[in-house]
Structures are given as C-alpha cells and as structure tokens.
C-alpha cells in the first residue's frame with residue numbers, strides 16, 4: 001500500500017506535469033503562430049508585392065493555416081482543459097496543413113523530390129516539438145500522421161519505394177529521439193518535485209541549515225533511534241483566560257505572531273520544531289543530526305526566547321494589547337526519535353520517552369517558582385559554565401519517586417565571559 005508521503009509525491013508530480021504541459025502548450029502555440037506569421041508575411045511580400053505567381057498561390061491556404069493557428073492559441077487561453085490535448089494540434093493541424101501546402105507546390109516546383117525532402121525536415125521538426133507535450137502518445141500520433149503525409153507526397157513526386165521507407169525510418173528515429181527527450185524532461189521534473197517536497201517536509205521541523213544538511217546526506221526519511229537530546233517546552237502563561245477575552249481571529253493572530261517569533265529563535269539555534277500543542281511549543285536539540293553542544297544550544301535558545309518575548313510585548317503594548325508571559329522548561333536525556341503516526345494518513349518525526357515527559361513537567365514548575373526558565377541537573381551539567389546558574393529547591397513531579405533538581409540560568413555579562421569573578 002502506498003503511504004501518505006508516496007501519495008503526496010505522486011499527486012504533486014501529477015499537478016507539476018499538468019502545469020508544465022499547460023505552459024508548454026502555450027509556448028508551442030506561440031512559436032507556431034510566430035513561425036506561420038513570418039512565412040505568411042514572406043508569401044504576401046513575394047506574391048502580392050513582387051507579383052511572383054509561384055508565391056501568390058500559397059497565400060490563401062497559408063492564410064487559412066495562420067487563422068487556425070491563431071484560433072488554437074486563443075482557445076488554449078480561454079479553455080485551460082484543452083491545453084492537455086494541445087499536442088494533438090500538431091497532428092490534426094500542422095501535419096495536414098504542411099501536406100496541403102506542399103501538395104500545391106509539387107506541380108509548380110522544378111524539383112518535386114526537393115519539395116518532398118524539405119517536407120521531411122518539417123515533419124521531423126514537428127515530431128521533436130511534440131515532446132513538449134510531455135506525452136508519449138502525442139509524439140507517436142504525430143509521427144504516424146507525419147509518416148502518412150510524407151509517403152503520400154513522395155508517391156506524388158514519383159519517388160522510389162526505397163526512399164519512402166527511408167523517410168519513414170528517419171521519422172521513426174526522430175520519434176525515438178523525441179521520446180528520449182520526453183523521458184528526460186519527465187525525469188528532471190520528477191526529481192525536482194521530489195526534492196522540493198523533501199525540502200518542504202524537512203522545513204516543517206528543522207532549521208534551514210539542518211534541513212539542507214539532511215538533504216545533502218539524503219536523510220529525509222530518518223530511521224528510529226535512541227539518542228541523547230535536549231528537550232525544550234515553552235508555554236504561554238494564563239493563555240486560557242486571555243483567549244476567553246478575545247475573538248477567535250484575535251487568538252489566531254496572537255499565536256501566529258508569537259510562534260513566528262519563537263520558531264525563528266529556535267531555528268537560529270539549530271533546534272528541531274517537534275510540534276505546537278495549543279499555546280505550547282515542543283522543541284529538541286541534537287537530532288536528527290548529532291550535536292555535542294545540544295544542551296548549551298537549548299539553554300541559550302530558552303534565554304533568547306524570553307528576550308524575544310520582550311520585543312513582542314513592546315509591539316503589543318504599542319497596540320494597547322496585554323503583554324505575554326512564558327515559561328520554558330529544558331531537560332537533557334535519552335529519547336526515542338522516529339516517524340510516528342499512521343503510515344497511510346500522517347506521520348510525524350517526533351521524540352518520545354521519559355525525557356520528553358520530564359521536560360514538560362519542568363516547564364510546568366515555572367508557574368509555581370515564578371521564573372521564566374527552569375532546567376534540569378542533566379542540562380546544567382552538560383551546558384557547563386557557559387551560563388550562570390541559580391539552584392532552586394528540588395521539586396516533586398508526577399512519575400518521579402525522588403525530587404528533581406532544577407536550576408534557572410542566565411547569560412554571563414561580557415566581564416564575566418572574560419573571566420571576572422561573579423556570584424552564582
């Protein structure tokens with residue numbers, strides 16, 4: 001059974017091919033109109049202006065050919081559904097029109113064989129152009145019609161059977177080349193579509209830099225694994241009571257503004273966005289690409305999120321809107337990571353396990369401890385002396401038999417970073 005990602009790829013590829021067929025149909029019709037316009041102008045000049053009867057005989061049929069070409073272009077613009085079948089116009093319009101014009105030219109030409117040979121070149125060009133339809137059936141139909149028209153002209157020109165068969169072989173070779181070109185175009189479109197979908201899927205979870213590295217490593221489909229990571233949960237304080245005072249569209253606007261700012265901070269520190277849980281944010285560091293500094297990045301991200309919230313609140317205050325407060329919990333430990341969900345409907349690359357649960361519990365403790373950020377001992381030990389730490393009283397959390405040691409971090413000042421002593 002094809003999974004959801006596979007169906008999405010196939011559906012997107014089908015839409016991409018249909019869109020490309022539409023663009024190619026319009027471009028091909030414009031090329032035909034310009035080409036027929038140029039030849040019609042030449043025919044009018046030599047036939048009507050210069051009075052050359054051998055050119056004047058072409059003017060009425062070529063004017064009719066030009067009119068049909070122009071009407072075809074107009075129809076493609078007005079009726080988009082016709083673009084999918086635009087390749088048939090090569091077989092139903094161009095091939096018969098060229099045969100008609102050359103049929104008229106045969107009695108007037110001193111070299112009927114030359115007329116038939118020139119027509120062979122025109123038909124070969126049409127076959128190659130039919131590859132732009134991105135449909136092999138169209139190319140084969142154009143080739144068959146061109147072969148019939150070319151053989152008929154050569155018979156009228158009294159050219160030998162061997163030459164007629166050779167002409168068919170030449171047109172067949174052109175068809176083979178056109179089909180190969182068509183295959184290459186479809187392959188390139190498929191590859192480009194798959195890469196774009198892969199980039200879009202990765203971009204949902206990972207920062208642009210991480211997504212690019214994963215794509216270079218061809219790791220869009222990550223395998224399940226147990227890995228040490230740093231989990232971060234962020235939650236808006238008193239969001240329920242705040243949302244009850246707002247209209248639905250205001251709630252959505254608030255969350256979009258808040259999440260937009262916070263996700264940029266997360267990605268700036270190389271974090272992986274796991275999910276939005278109402279007004280909460282779940283992020284982890286150190287996966288899917290290993291990062292020995294995941295604890296430090298997680299703590300710095302938490303500090304920068306609190307700082308970014310000050311910018312958000314300044315904008316909200318200027319608009320007369322209430323300020324927001326957040327609580328952030330950070331914990332480091334082993335977690336199971338992989339694509340979890342329905343293989344036929346929806347899969348999400350996520351982290352599960354006790355580490356995730358404890359990180360969420362630590363975030364909840366920020367409400368009772370009245371601090372914006374709390375981190376576990378494991379995170380504090382791995383992040384090291386990059387930050388200053390204040391140890392809080394251990395806290396009891398559901399699911400743990402022993403109280404959990406928690407710390408609140410803050411950035412060092414420039415003087416402290418230079419090595420000056422500072423109080424913890």
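Positions of Cβ are set from backbone N, Cα and C atoms, glycine also.
Looking up the ranges 26-46, 194-214 in Swiss-Prot, the one annotated as transmembrane segment turns out to be 26-46.
The feature transmembrane segment, as given by Swiss-Prot for the ranges 163-183, 226-246, sits at 163-183.
Ranges compared are 88-108, 256-276, and Swiss-Prot records transmembrane segment for 88-108. Under the DSSP three-state reduction, residue 235 (Mg(2+) binding site) is assigned to strand. The DSSP breakdown of the domain 'Guanylate cyclase' (230-363) into helical (H, G, I), extended (E, B) and coil residues amounts to 62 helix, 43 strand, 29 coil. Residues 116, 120, 123-124, 127-128, 130-131, 133-136, 139-140, 143, 146-147, 150-151, 154-155 of the same chain lie 6+ residues outside the transmembrane segment (163-183) yet bring a C-beta within less than 8 angstroms of a C-beta in it. Less than 8 angstroms from the CB of residue 279 (Mg(2+) binding site) sit 235, 236, 239, 243, 255, each of them six or more residues away in the same chain.
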